[in-house]
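**Q** Okay, these came from TrEMBL:
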DOMAIN    414-443  domain 'EGF-like'
DOMAIN    672-724  domain 'EGF-like'
DOMAIN    841-886  domain 'EGF-like'
DOMAIN    899-945  domain 'EGF-like'
DOMAIN    1020-1048  domain 'EGF-like'
DOMAIN    1097-1132  domain 'EGF-like'
TRANSMEM  1349-1369  transmembrane segment
TRANSMEM  1433-1450  transmembrane segment
TRANSMEM  1614-1634  transmembrane segment
TRANSMEM  1693-1711  transmembrane segment
TRANSMEM  1723-1744  transmembrane segment
TRANSMEM  1756-1779  transmembrane segment
Amino acid sequence: MYLLMMSYTLAQWKLIDSSLTNQTLTLKENGWTFQNVEIGTCNANQEQQIVLDSEIDLIQKSIPLSVQKVQIFFDIYYDFMNSDSTQSTVTVSLIQNNGATDITTQILQIQKQGDQLQKQRRLCNSDIIDSLFEFEKIVTQKIAVSQTNFSISIQFNPRTQGNKIRIRNFQAYGFFCDSYCKTCDESNPSKCTSCFSQDSTGQCTCPLINTQNTYVGSFYQEGYGCIQECSRDHYLLDVNDICQKDPRVSSKFSFMNPYQSLSNIPELPRASLSVQTFSQYCYGQTIKKDIAGPFASQTISLAIGTIDVISFIRFRMTLYLIDFSSGSIFRIKLDNILVFYIEQVQSTLWYYGNFQDIVFKNIRQCSTLSFDQQSRFELILYPTTNSPVLQFIGLMQNSYSQWGFNDITIDIGVCQLNCKVCLDEVTCQQCNDGYFLLKSNCVNKCPIFSNDCIDYVDEIPFSQYLVKAFYDNNMTIDEIQSHFDQVDNQVGNFLTGQKFSMMQNKIVLGGLLVWNKGRYQKLYTFRDPHYAISIRFNITFGDDFNGEFVYYLDQNEQQRIQRRQQSSDQNVIGKESKESVMFVYKYYQHTLDTLYIEFECITDQDLRDGFCAISEYFIVVHNCFIGCTGCSSLEQCTEQIQIQVCSTPQYWKYDLIGNYICSDCIQNYCIQCANESQCKKCKDRFKNVHGQCICDNKEYRVIDGGECVCKSGYYEDKYSQICQGICGDKLKVEVEECDDGDLFPFDGCHQCINQCQIECSICLKGICEQCQFGYVLVLDQQQSICGDNLVDEFREDCEDGNLKPFDGCYVCNYSCDEQCEFCAKGICYKCNDYWLLYNDECVSVCGNQYVQANEQCDNGLINIQLDGCYNCQCVYGYSMIDNKCSAICGDGYTTMDEECDDANSIQNDGCHQCILECLNCNICVMGQCQQCQAGYYKDYNDICQETECGDRIKVGQEQCDDANINQFDGCYQCVCEIGWISDSSNLCSSICGDGLLVKGEQCDDANDIQFDGCYQCKLDCNAECAQCILGVCQSCNYGYNLINNNCINTCGDGILNPLKEQCDDKNNNARDGCYNCQQESGYICFHNDLVFTHCQLCQHSNCQHCQLINHVQQQCTLCQTGYFLDQYQSCSLCDKICIDCLSSSKNCINYNYNVYQIKQCDSKAGLYYDFQLRDCISLCGDGIISGSENCDDHNYQDFDGCNAQCQLEPGYLIDQDTKLIITEPNVQVQFQSSNNNKYSIVADTLQQAINCSATTLHIDHFNITNYNYTILESDLKCDLNISYFQTVEPINIIHVIIKFKTQYKKRRLQQEPIQEIIIIPQRQPYVTQEQKQQGEKMAQTSKTISQSLLFFGPLAILFGGFKFVWAILDILSWMNNFYFLNVTYPENVRQIFLQAQWDNIFQMPSLNTFNNLNDPYYFQSPPKFYEKGIDPLYFNNIQTILIFLLYVIATKIICKSIRRLLEQFYKINSLTATFQIKQSIQQDQIIYQQQQIYQIQQIDQSQQQIFQLQQIDQSQQQIDQSLYIGKQQDETNKQSKQGNKKQQKEINYLQDTRKLLYNIPPVFKSIYSNCVQFDECFIANLLKTVQLSFLDLTLAISLQLTNQQTGDYLVVKINIFLAYASILLLLFLLNFSYQISITHKKKLENKHFNDRYSCFYEELKSDERMAMSYSFINLVRKAIFIISSVVFYQAPIYQTSICFLSCALNILLLLQQNPFVSKQQYILNLIPDLGVLIVVGVSIVLAFQDSFILFDDQVIYSLGWVIGGCIYISIGLQLLFLIKEILLKFYLKVKNVIEYFRNR
């Protein structure tokens, strides 16, 4: 059967020509005629155009096809240099030839005037912006074509000099009707309106003989109509007699091709035919053809030669059957296998084989009236070897039947082009090197619509293309318009007149001068139920486009893309600016029946300055599986119908009206198809690879009879179904070390593993290196000596002292009879066939038809004689020969098998070889002659008697019979006489040349030499004799003299002999013009009637031969070597390139190859001529890459990237654009997040070489629906983002295939080099959409709470409660650091920790000067730190701390300013203030004295510590110092409540003093008091800020000291030094905190001490040592937490455990006692600290979960709620108290304000 199954030619528009599309053009484009045109180039880009600037300019394209209609696309640039030119005309014409004349039809005429042109020259030349220039995309109307061959011409008629047009991007589309139609109804293409040929019924077809009874082609080929046979290259005949395009077929050889002179296909030499018989076959009137033959009953072989990777052969032959009578047969065999035969059965020819008739007709030979047959046929053959041999076999019924052939064509077909290993006739399993397998095809580059050569539509089962467009130049206008329904905002767009354009040899949507604003809109309708779609496309931002691109799906915005400059940008079209291309991919969940899609570009630019374009546009629909009418994924069906089961191997197909139908599966070896192109289930043992069934050679399998079976030497294990090697079959295969055919150990090979003998002590790969004691190594083996009569009990059974077989002991082993089949230990258990086992011995049995033992014969019978055998013995007259009884011929005894036996071997005695014989007889039967030989007759005894001499009958021994007895007449007594020979008649003929003169001969000189006196037995004279009679010369030729019957001429006699002499000057002098009667070179000699007159030199120097013209003028006819005869008939010198020349100096006859170049070499391209090789060669070291060079660095040094042979060395690449050699970048993938979602692809050098957009990835054990990824170029790296739709395990290894840009190569013709990076992911549970939304809400809530501090913070400053703000900030600080624990948090808290940072409260300014990606010392922090934006450089990390300190300082300045302002404005009278102060002091002194007496009585004097404190308010500088003298005295701090009251009294005193000095209104009193407090507690606030930033400071130090990868750089060294220096600050803070914890309570209660350092013991019980240690332990806890988070980051279990122990310190202290002065404060600290401990404790569980997977993911997710609860309870409690404090204070303030206004 044919390789192509049912295949029809469908009516459609097809691309029939695409040219002038390359960036660089030539004037030698295929099929083009260019008349008076030139090539132009725009300065703004490198695109070239064909320029026409005069009315004689013309370009014309010839298209040799038959189409019904044609439509033309091309780009035209109007380039008018002036604005006042009249209209110029562009004419596009269709030219057809009807066989006599050309018919021209105008397709299009364009008239343009200069001032009508748009100002677009910036597209071509940026220097002249406003010149007149315009660009249009021309799409012509669809024009009818009536002739088979036609041409398209474009002509320009300018009206003003300087006007010109530029043409490029020419495309022609033709409309083809259905098969056999020449023209048709375009709306109904199967309805023919005219035919190429018709049959007798008028139907369009290709009959062998048409209605005019003439032969026409019986096959149809699109574009050519009816043809006799399909084109040899790239066409194959299908079952409908239609030639289908098939690139797998190509012409290979021809044999006796009559049109070989017109073909470039190799011709097999005639010597390839085994029998060299050739002739001319003449038939008809004068038609003659060379044929091989004629042959009779012969076998002729034709060797085709060696053909690699052959799948099938298409064989065509023209066969001539000459007088082919009934019963005659002609056969063809391929490799000894019959493939075709023809048999004449009576008057009918019968054919057999897979053939196709091309033409058959009866023909008549020129010489006879009989009719022969001529048949041309085609066969598809499948060879079994790479060197196939054809055999042509003739079996003729009689002697006159013959056959011959000619015009053999052999075309080869492969399963696929460039295939190395074919699976079957149409499927490739492995491609050639440099090619990649795409489905079953081999391609040299993976297409744009694939990932690693897996088609987008094959990535997910049950997928199909909805859109596959704008990736090449083959799109009709209808196809282009099918991808948009409408386009809005056409104002300012589409200046070219079209909505598409051509860019980089592909059609794009939009493009230059087409689109930069507005929307393309399209509504697609779906037929099949589906669950998702995949959308891919490239968006190009051209020239200076500065806007953005947006695309929408179902009215929803999907992505907004702004242009980003990339290193891969290049200028390909338009202005001199570069174009940027960005790849867009979207996996979109979709189940609706329609899909609405919009593409929008947004800008306010002029279209001439920038544009947008869509290309590589693919939409793949992911359908539900068969039988599912609704689904949410490929595995989950939501609606299913009951459908009838299709018979195997059919599959269900959704038809055009929405019903399921059964369709046949055409996949090879498939038993259940998923769809038309993909197999779902393969036959047993076949593997399903991307929907194709293959028999994997790597599993030791091959295809045999359509089954995938184990290779020879293997068997299939019935349980594992794996091919295992057959050990013991003597066939060594890949899995065996050896195979000796037995299972005996210690024989060198045991169980197919190399093994030594048991006596070997050291064995290496079956070779013994050392023997055991007592053995000697002989030829690598140890052997006991058999035959020494000593039995080796380990290696010998017996010893009989000999080596005779079958004597009971052979080779020291027990043996049995020779006839024993199964022998064990000398006992026979089974005999060979025909032998009987009797008493353990094998005995013979007579009558079994098997001669054995002592039997002479065995006829299978007993007591019956047959064939001379009786009871297994030969009877008398017979002897045994070859185990048979044969009659003994010559023993004188006639047996029943003999006719006679005369006991002799004498012939012609009546009995010879025991057969009766007849003499002189043709037919003899049982001694009776039935027919005598010629010349004999039968007598009455039936004996043949010989005829007599003289009866004119020549028979028997007679040589002649002339019926007489005359002598000397040639025949005497029936014998030819001497000098005579017998001829075909009854007479004898004389022998001329035997030297005997007989009757009828004039002479006989025993030779055949003329002019020697006797020639052909007749007398002869010499050659110079003019008249000869009977050997006597009567007269001589002119110039000869008759002397002694001889005509003699001698040199020097002055008479010219034209036959022998050129001249005769009567002398023998040299250099006189004539020497030895030969004319000397350079002379001309004259004779008058053969009589010499004189010689003279030729007039022209260097002339070798000259002659007279008209007997007067001398003319040179031949020059000396190295000269040629010029136009003046003189000899001119040949050029130095010629040894000899003709007609001109450089028209060499023989070249001087030491000077002449047979070809021109372009030295600018690096090609130089080699005079020895006579060819252009490249020169390594010239700096130009050419020929076989891959690089050229101007030197011959190795190890610099380019070796001495100009080949790239390993580890280097070459930039094809700049020709620079670069070190191949070492590419790494860096983690950008703690999970597996974000990575950066970074090269150690030359980052710009990486092609980010072409980089792909795939994940083990994932299909494409399980993940989604994007790769974008960003700064100096490629950002890789991966989304997963199922849980990621470490076995899901991520393979990142990193590609370099196309200009970077390892070899010139190599596809872009790649590197593969392996990422082993950590376990990452799948996060559902619901969980993700919950996490986002949790994170947003946390962010809202953080941002609420912007509101509550100022209120706390105004109304109090700022300590709660500090507490909330401390909790937020912990949240910020929780993320650094290297565990996988559940999604509901991961996002909380991820977004927890100070920027949520207020935007922190930062100085990003150091450690940027392009810095040479750049280094990254661990992934979780990097993900939070934590830089490992110390300076970048402490910026937050510095900013906090600056905020405190700024607040200090603001509060100081407010205080000064209020005090200045509300200051009261000084006298009144003085009086009030004195009165207040007196009252206070009295109270103070009473308190002193009481204190002295109650407190032991030895335990008191008196502090001399100066209670002078420095702010009261305007009051007389004398007022305070009475107040300056020692004060003793109390340990009891009275002491606290005393301290409070002092504070109240100072406040009262300020009240007396300043009359602050109640409205501002709160602000004033808070500012005074902040002003006076400035040091405390600074310390509190540092304490709050303690975690951040510790983190900055730890990260810097543990990350010193680039510590050799000065910047990093400085930061390391600062980190070490900051350790002193940490130690100081810890020590200071410790010293505070052990400070005496009296000092702690001192106001000034309290104002500065209360942050270390605020709200703590100062009288309890354990309570005072809380602050110190808290700092230690934070330090341990941060240090362990950084140092043990790579060991999460240790990291979390140590952090847990550090956090447990606070809890142990809090649980032991309450260190705070109030229970409220105790609760406010206990709950957050407990929450921190719980969070860290849960993190330990998560760490174990990441390593050992102890719990279900849902349990882990529930733990996330525990973490979230702890966080929100801790923050909520503090926030609740803060709000309570603010509201209470606000209430009091409002109350005071109201009271104030009442009093006024």
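In case you wondered, yes, glycine gets a Cβ from its N, Cα and C as well.
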**Q** Would you mind splitting the domain 'EGF-like' (414-443) into helix, strand and coil residue counts from DSSP?
**A** 0 helix, 14 strand, 16 coil
**Q** Per DSSP, what is the helix/strand/coil residue tally across the domain 'EGF-like' (1020-1048)?
**A** 0 helix, 16 strand, 13 coil
**Q** Please work out the mean pLDDT for the residues of the domain 'EGF-like' (899-945).
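**A** A mean pLDDT of 83 is what the predicted model shows over the domain 'EGF-like' (899-945).
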**Q** Where among 1349-1369, 1433-1450, 1614-1634, 1693-1711 do we find the most Cβ pairs under 8 Å to the transmembrane segment (1756-1779)?
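**A** The stretch with the most close Cβ contacts to the transmembrane segment (1756-1779) is 1349-1369.
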**Q** Please indicate, using numbers and ranges, the residues of the same chain that are 6 or more beyond the domain 'EGF-like' (1020-1048) and have a C-beta under 8 Å from a C-beta there.
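**A** Tertiary neighbours of the domain 'EGF-like' (1020-1048) are 1002-1003, 1010-1014, 1055-1057, 1090.
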**Q** Taking the domain 'EGF-like' (672-724) as reference, which of 414-443, 841-886, 899-945, 1097-1132 has the most Cβ pairs under 8 angstroms?
**A** 414-443
**Q** Using Cβ atoms and a strict cutoff of less than 8 Å, what residues sit near the transmembrane segment (1433-1450) while being 6 or more residues removed from its termini?
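**A** Cβ under 8 Å, 6 or more out: 1398, 1404-1408, 1410-1411, 1578, 1581-1582, 1585-1586, 1588-1589, 1592-1593, 1595-1597, 1599-1600, 1611-1612, 1615-1616, 1618-1619, 1622.
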**Q** Give me the DSSP three-state residue breakdown of the domain 'EGF-like' (841-886), ordered helix, strand, coil.
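**A** For that range the per-state counts are 0 helix, 16 strand, 30 coil.
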